Amino acid sequence: MLHCYLRKKTANHDFVRAYTAKELYKATNGFHRLLGRGGFGEVYYGVLKSLHYPEIAVKKLISSNDYSEREFGNEVQSIGQIHHRNLVRMVGYCKERAQRMLVFEFMPGGSLRSFLFQPQQQPMWSWRAEAALGIAKGLEYLHEGCNYPIIHCDIKPDNILLDSKKNPKITDFGIARLLSDQQMHTTVTNIRGTRGYIAPEWFQSDRRIDTKVDVYSFGVVLLEMICCRKSQEPVPGQDGDDSVMLFEWAGQLVGDGRTEVLFHSDDDAIEDLFRVERFLRVALWCIEQNPSLRPTMHQVVQMLEGVIEVDTLPAPTSSNCSSPLTSSVDESPLLPGGATLAIE
Ligand SMILES: Nc1ncnc2c1ncn2[C@@H]1O[C@H](COP(=O)(O)OP(=O)(O)O)[C@@H](O)[C@H]1O
Ligand SMILES: [Mg+2]
C-alpha cells in the first residue's frame, strides 16, 4: 500500500516538466493552430510524445519584464501539484529570457462560453446543474483543499473548459501568482468580457481581495448557466417596460415566486423548478455586494447539493448584516470563511 503510494507520488507525470522553447515550437508545429487569444497571451494546440497527455495546449504568456519576483519555476511546480477532477492539469512550462509559456492538458470540448451560449442548442438543464456543481467543487478545492488558499481571480465561462466527455474543468488557476500584483490587476480589470464577472471590491481603492472575489464571479457564472443567458446582455422589458439586467430580473422573479418565466421552452428546467430555484438563490447570494455576506465555496457546494438550506434573500437595498445561511442539519450558525490576500 505504502509502496503504491510512493510510486504514485514519484511517478513522472506528477511533476511539471520544464520544456525548451524549441521543444514547444516543435510540439505546436511552429505555433500553427491557434486555439484562442486572451488577456494573458495566445493559446496553441500541440502534440507531445507523452503517454498521459499526448495532446496539449500551450499558453504563450505575454512577454514582459513585469513578471512576479517570485520564482516562476517553483510557482509552476506548486500549481502543477494541484490535482482535482474539475481542474485542468498543468503539465509543463517554459522559461527562456523574458518568454514564459505554460503547457496544459488539451480540452477538446472547448470553453463553457462557446457551449453555453449556442443560440440553437442550449445544453440540457440536467447537464448545467451537474456542471455547475462540478465547477463549485473545483473552486472549493482551490480555496480549501490545497496547502494554502488559491484565489483564482478570473473565474468566467472562458476559463471553464470541457473535456471529451463534457466534464467541466477550471483553468488558469494560479496565474495570479505568476504575474505581479499590478499586472494581474490591470489585466483582469481591463480585459473585455471579464468585467461583468469582477467583484465590486476589485475597484475599491484599498484593493484588499480574498476568496470571496471568486465566489462573486462564480455567482455570475452560475446565474448564466441556470438561464443560458449572458449577464451583460440586458433582458428586453416585459409589456413595454425598460430592459433590465439579468440579476435584477432573476432576483425579482425569485422574489415573486415566478421563476418559470426565466425558462422559455426549457422543459427540463421547468420540471425541476425546486432545484432551479435553489440554484438561483445560491447565485444571488454569491453576487451580494458585501463580500462578508457571500457564502464560502464550501457552503455553496453544500447548498447546491441540498445539504444545507439557502436562506431567504435580503431585499436588494437592504444593509442586512445577519448571516445569510442556516443549516438544516443542525441549527448552529455556519462559520464565515475566506482566506485573505492583500495585493497592495
Ligand atoms: N487547455 C486548453 N485546451 C483547449 N483550449 C484551450 C485550453 N486553454 C485555453 N484554450 C482556449 O484558448 C482560449 C484563450 O485562452 P486564454 O488565453 O486563457 O484566454 P481567456 O481565458 O481570456 O479566454 C480559451 O477561451 C479556450 O478556447
Ligand atoms: Mg483562460
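Each residue, glycine too, has its Cβ placed from N, Cα and C.
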For the region 'Disordered' entry in TrEMBL, name the matching range from 156-182, 318-344.
318-344
Restricting to the domain 'Protein kinase' (29-308), report the mean pLDDT as a whole number.
88
Within its own chain, what residues at least 6 apart in sequence put their Cβ under 8 Å from the Cβ of Lys60 (ATP binding site), listed in sequence order?
Phe31, Gly41, Glu42, Val43, Tyr44, Gln99, Arg100, Met101
